[in-house]
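Asks: A single structure is presented below for examination.
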Amino acid sequence: MTIEQLKNRQEKIRNFSIIAHIDHGKSTLADRILEQTETVSSREMQAQLLDSMDLERERGITIKLNAIELNYKAKNGETYIFHLIDTPGHVDFTYEVSRSLAACEGAILVVDAAQGIEAQTLANVYLALDNDLEILPVINKIDLPAADPERVRTEIEDVIGLDASEAVLASAKAGIGIEEILEQIVEKVPAPKGDVEAPLKALIFDSVYDAYRGVILQIRVMDGMVKPGDKIELMSNGKTFDVTEVGIFTPKAVNRDFLATGDVGYLAASIKTVADTRVGDTVTLADCPAEAPLHGYKQLNPMVFAGIYPIDSSKYNDMREALEKLQLNDASLHFEPETSQALGFGFRCGFLGLLHMDVIQERLEREFNIDLIMTAPSVVYHVYTTDGERLEVSNPSEFPDPTKVDSIEEPYVKAQIMVPQEYVGAVMELSQRKRGDFVTMDYIDNNRVNVIYQIPLAEIVFDFFDKLKSSTRGYASFDYDISEYRKSKLVKMDILLNGDKVDALSFIVHKEFAYERGKLIVEKLKKIIPRQQFEVPIQAAIGQKIVARSDIKALRKNVLAKCYGGDVSRKRKLLEKQKAGKKRMKSIGSVEVPQEAFLSVLSMDDDDKKK
């Protein structure tokens, strides 16, 4: 193709993504667009086509990114090249959304005609505005009995400040309004900027591991062009590779001779190691590099740490490989080896949040067939010892002896909670219950309020999101930055089963709530741990002091069943004999702890009601 032809082709490209709150119909709309543009034959069509992971279909959420090329013949007779980049909608995956938005010029904002604007919609719209995208509002599910498109239209204008007078009224399920959306993309989404003659600059927005071709990068070409045979350089680490193949997804991978400015596609270059490719990195040509990398990409810091252990310790190396492969597609997953007396060899992993943790756990179990145990999540504490030493501890079992601890600092976050006015009371009550300190409150408009609190990160990782969403009917949007470390009265609580410490059940708690939380966990474990042949005491202890105890009663055979009447001393003899047997069993017996016991330390629902 000549430079002139490439420039004309660039004018016809439209890169866009779909942003929406969970369940507002994003994946269904993507399916309809694929059908309307005849990208996928009706024989191959299936619901949530872009959500290729079983897990995504089951949970009805989008986790990974997918980028697809479609051809659309517009009413003006011209054929346009659309690149649809699918985005996740959950708060844990905000970074994935920001990556995919950086590869677009426009975004379709899908809002449910019955539910209206929700928290995550807002968060994603702000990300789109940060990337200077043209936003096309679409009011979806207009065929629902509870739909109120006019109210939602006003809401979009008042809350987000977008002109919604031309918002398309659609129903992705019934296929209403799809053509209008496609026409609006042609008219309103700008063609990609960028110079096809400039040095290559391409943004990596996702990567997938392929056993035969190595790491496959999903890229958006910002300037220049790339073709097989080129020598590319990754700008973050200076490593060079030879391009073996480039192409696009339709959703299947299709080879191409080149990818030019504005294109979204994949690139394979025999990249062997997972760690070389950083999502958000810039690809350029080794012999004619770009002057500066693309900006706006940050290293992700994990919020939540938890131990992951294979139930079968011989699977340790398989688990390491599995985590390395997951890390390739998920720049936000961190892990390092660790050992536990109770659980053996495993890994300490860092996650973005609790949904992220859940998803990784399920993917390890499903895709790699590894049965595993996961411990309760925690954050990184600074522990100052009486010798003047500072330790960084993210695992409660590594906490030093309480007598040697001088002080403990924990991370606080500056939490910005945007919420409709009627829920301000509920948000303030929740934040205070979670040991938050009020900072300030601003009114954004007549209805929305921005509340700022300083809250310990440890309180947020438990169930702050869920509590916030339920106490505000899902309207609160929440964003946080780690602000500082502060001294806190924290203690390490150990759980003892049958007199033995279970290191994987230890956790850190504020002194004020230690008694209640200890009591709650002991009661929970009593319900979860199966009864044994002998009595099992469960104790919660701080140092040497036992703060709560509960006993699991022994299973016992009725040894008196064959004594019909008869002498009481005969019965007593049988009972004494049974008692001696149980005592002997107790001294040598060990207690199996089921996976739910580790997770029960997680969900502190009841203890929130008590606080």
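Note that the numbers count up from 1, one per residue, in the order the chain is shown.
Keep in mind that glycine also has a Cβ here, set from the backbone N, Cα and C atoms.
Reproduced below are the annotations present in Swiss-Prot:
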{"type": "BINDING", "residues": "Asp23, His24, Gly25, Lys26, Ser27, Thr28, Asn140, Lys141, Ile142, Asp143", "note": "GTP binding site"}
{"type": "DOMAIN", "residues": "11-193", "note": "domain 'tr-type G'"}
Asks: Tell me which of the binding-site residues Ser27, Asn140 sits in the most Cβ-dense spot, judged by other Cβ atoms within 10 Å.
Replies: Asn140
Asks: If I restrict to non-local contacts, at least six residues apart, and a C-beta distance under 8 angstroms, what lies near Ile142 (GTP binding site) in its own chain?
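Replies: Spatial neighbours, sequence-distant, of Ile142 (GTP binding site): Ala113, Pro149, Leu169, Ala170, Ser171, Ile176, Gly177.
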Asks: Averaged over the whole of the domain 'tr-type G' (11-193), what is the pLDDT?
Replies: 73
Asks: On the three-state reduction of DSSP, what should I expect for Ile142 (GTP binding site)?
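Replies: Once the DSSP labels are grouped into three classes, Ile142 (GTP binding site) ends up as coil.
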